[in-house]
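To keep things clear, I will list the structure first and then write my remarks on it.
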């Protein structure tokens, strides 16, 4: 490699080899710009229109930028290598490579200084912040409207005072010409910036910050202080933000290209530079001519505008357009956006050696192969073929080889075969949503023009054969081939990186074939026969003595775990024996694994087990065999379906009629005024969705029923049922629409239409039904188009925030971790503890609760067997290591991450876990968004309003508060009542949080059976209950001010609703409430001390009247909740984005920050004042102002725990972090995000979400700066924070304190330590401006920055290279230190001796 470099450098002396570890960005000083430049550009001309040679001193000048042809000067006096380095005396052009025209820069000397628009206009304006002036004032000075006073002298003027033209002249008259200095334009700003004494300002700002009490002022000062410090420490000078010299980029980067027809296409930059040069020259001339001030000023203003447009066109004033009214692309536009330098050329490069074609299925391929059309292969492997032809002596020149290949001679095909053997190619299908979208295969040459793809990898590529295209890429270098073979081969990608499940899973026909193969039917010919071996069985099959599905007995030879040969007599079917033949022989895989009906899920499970017990190679062979078997049997079975396979259940109309009656009842209740319109709507919709479910159940019963033939044998299973049940195609939901009832439809707005579609597709829809059903379908299609883009953007943000998350060490040694429990939702286990801890590292010893012996040691990875043991022992909670608590500075350690899901082994050093996490979360986003329309908007509602026990056990109630109301029901009176079901040995099996106002059917100590009802409630309303017995009284419930009797138009019945009393006349001070009075007419007291007064919120519907007698638990009023909306990932994607962006939800919940007692204070304008008196006397009371329309379901005197909700709603993640800490926040985010994906049946491992959340928690907000340089209130990187604090402690100073802050993914990406990464993500201008002002150094640690500067990424194989380089640098350092020591010792010992000769430095 080094040799090559040297040879290259012989021919290319201009570029020194660049070795660097970091890149720094800062503001260029005028001296720096001149040092880059090879000459000044004085003329706006580009090239001579006759000779087409560049004009001298023009924008393409050869004297400045270098020759146009290699080693040839412009006039042609010197040609060839031998004159290298000579400067021609005639045309002054250096004889060298023309490539220097890509590197050499020029400059323009400006006649008047101009402000750099980025530092002026990019908000916040850096110049403005430094000078403490507003942007408006700055612009007035810069664009020559106002003078600014620099030196007031002895006059009454103040420094930095703005004076208009008249004021300036008046002041000169008043105080005399030279009594004060005022200037105008960029010169004035430059003088101001030059005169800044940063140290003084720094001290002054710190003093002011210490004195101020106002938060806003403090923030403002902190911002200014930050920028002052940036200039102090970065070595940038403030006056450099004003330009006196403009650099000109090399001409080959802004080329002039001749088009046919004698015209030229030019880069927009040339136009922009030309304007600057023209205006600059004109200004020079006017100044020489001593033109009037007003003209010069105008010219200076125009020069400022020209330079602005060059740097950032359109940032200020109107956009400068070219000849065709198109805005010109300025330097800033070259960088930003998808088409900018960063994203188009540095992060996304195009490659040579690639082709694309349509894909077709290749069922006879092995898993590691793909079919490559010969024509395509010939083109792709051309260079290899040429070199082989040459090596074999079949051609002597490339030209000859070319001819041979073009003629497609037979020897060429032989050589192509040789070349292709063992040379993997990469296949890619766009969109590449996760890493399985690019995989390596060994090419097999085929005729035809389409690429053949193995059927089992389709699900990884998300490919189908309806016209999809795929691209082929050839890895050229040996390293690339090696990586393709070892890391990317399709045989290595058996498990899905998102969840560790197999992704090489049979689908469609294969599943159907295997399902058919494994069916067992009663009463078929030959039932009960016994077979000794396969030959007998096949003989019987082929001679039709038995059927594939006949129940038979078979002698199965098997090796058990001790390694002994055993024989079992199995009851099975012929089909299953055939399936058993392809199962790998392993003691861990008994025949029972496949001695059952094979659905897609079962097959996936078998593949998983084969992978775990027999390893990768066996799995691949097994998959190939199982595929062949499935295809063959699907073909033999000849399954098809007809109209009669869709069975409409007989009981359908009975169910429909009864539901219609029910709906009529609700209609009547509404007309009688017993229920509101919203409640009626909810109930009707509920009834219909129940009916639909019931019909679907009936239909499934009939379709799946086993029918007997006259001879007593079981008939074939229904084909449609087979397809759906096996998981080959279709789902019960689709079958329901075909043969049951289509059910409820959603409007485009997401609301559900009350009238359902009663027909199914077999019966056909009526016109009205058809119209209603088009809504859903159309919405589905429109959504798809929109959501694909959203999902792609989410993935991009995720990748950006997590890209530098890499496994950098084996173990960080932390003792921290997070606790994992099973997730139980409404009594059903949604995610078991086992599934959540599998493949994670134990954070502490896991002990058996009964015997207290250790099941898993601390620091061990939990494998399948450990998880099983934990489950058997009935452990409820396990502490595991997590990415969130990993203490490494850079990256994550292997122990905290756990198992590499795609390999099933502990994670390797250098694995890019951040990118994998981002892909795993982003990929299903797109998948799901593309999938909404499959069910045609059929509305699915999940409202849960009963709790049934899932276990037998004993009831234990925590925070019990139950009252018996007037109707004799037991009612839950508190919000934090929890009913648990425990085993006889005391283990909790399930816990249920009981809704306030729910009817409870059990009590403490009761024994319940599985399926018994524990509690129920009305899901559509929230009640307000009374806790004491007495008589109703109203307070501030005044007709037409705070309460209105509304007549329901359709029913004519009045009901009383609390209206917004603040908006009525004279209602501002009202506090509407219901009170309970005793016999003496006084308001009763509650047990905990407050009055029995129940505040009402807007829209509450009263259920009682004045003077009525109530018992505890009776309903005083009820608040109607939102009508049921359908939940579909539409709600999902924005929800996921909202969580990752850490946005505050619209109606955020208000959370109690401390434990204490609730007290209501005086109301404030239109807010209720509520405070919490702490239980712990050391804490301060907290006060909250709550908008009056919000329903506070707490009463005066209630006790709340820290973290309880005062006002219901979605909690803001920032509040959870501040009040409950990182672990709770992580649990909340993980659960919320998982819930969205779970609804869609998508499995994502928790650790991926944890990795992203870790990246969102990288910043710390300083609460107390201690004796450090940090500023309180600013956000600092964790790494920086710890480093600065360590330094402070070392020096004996007081360290700073801070709290972790949660940043959304966009914000976190923009605040990463690498400015390259941030600039290439979004808001390029802002990021670069800020980085330059701060003189930021990019340590090149993440993946993105390394790709940008063209290095190996520090992950995967690049990680080991980085490690080697690190070791080498350390060694070199040691050697050099040793040399320096020796050099120091020798002269001291022998002053007259000659210096010691050392080996040359490396």
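Quick reminder: no glycine exception, Cβ is built from N, Cα and C everywhere.
As written in Swiss-Prot, here are the features:
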BINDING   73, 75, 88, 91  Zn(2+) 1 binding site
BINDING   464, 466, 468  Mg(2+) binding site
BINDING   812, 886, 893, 896  Zn(2+) 2 binding site
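Annotated features taken from Swiss-Prot, shown on the structure.
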| residue | record | Cβ contacts under 8 Å, 6 or more apart |
| --- | --- | --- |
| 73 | Zn(2+) 1 binding site | 62, 67, 79, 88, 90, 91, 93, 94, 95 |
| 75 | Zn(2+) 1 binding site | 88, 90, 91, 93 |
| 464 | Mg(2+) binding site | 458 |
| 466 | Mg(2+) binding site | none |
| 468 | Mg(2+) binding site | 358, 359, 429 |
| 812 | Zn(2+) 2 binding site | 886, 887, 888, 893, 895, 896 |
Legend entry - Cβ neighbours of residue 91 (Zn(2+) 1 binding site) where a neighbour is any other Cβ within 10 Å: 17
Inset, instruction - Would you count the other CB atoms within 10 A of the CB of residue 886 (Zn(2+) 2 binding site), including those on all shown protein chains? - result: 24
Legend entry - Residues flanking the Zn(2+) 1 site, with Cβ no more than 8 Å from the Cβ centroid of 73, 75, 88, 91 and excluding those residues themselves: 74, 76, 77, 78, 89, 90, 92, 93
Inset, instruction - Drop a 10 Å sphere on every Cβ of the binding-site residues 88, 896 and tell me which sphere holds the fewest other Cβ atoms. - result: 88
Legend entry - DSSP-derived class (H/G/I helix, E/B strand, else coil) of residue 896 (Zn(2+) 2 binding site): helix
Legend entry - Mg(2+) site shell beyond 464, 466, 468, criterion: Cβ within 8 Å of Cβ centroid: 359, 463, 465, 467
Legend entry - Other CB atoms, at most 10 A from the CB of residue 893 (Zn(2+) 2 binding site): 22
Legend entry - Three-state secondary structure, residue 75 (Zn(2+) 1 binding site) (per DSSP): coil
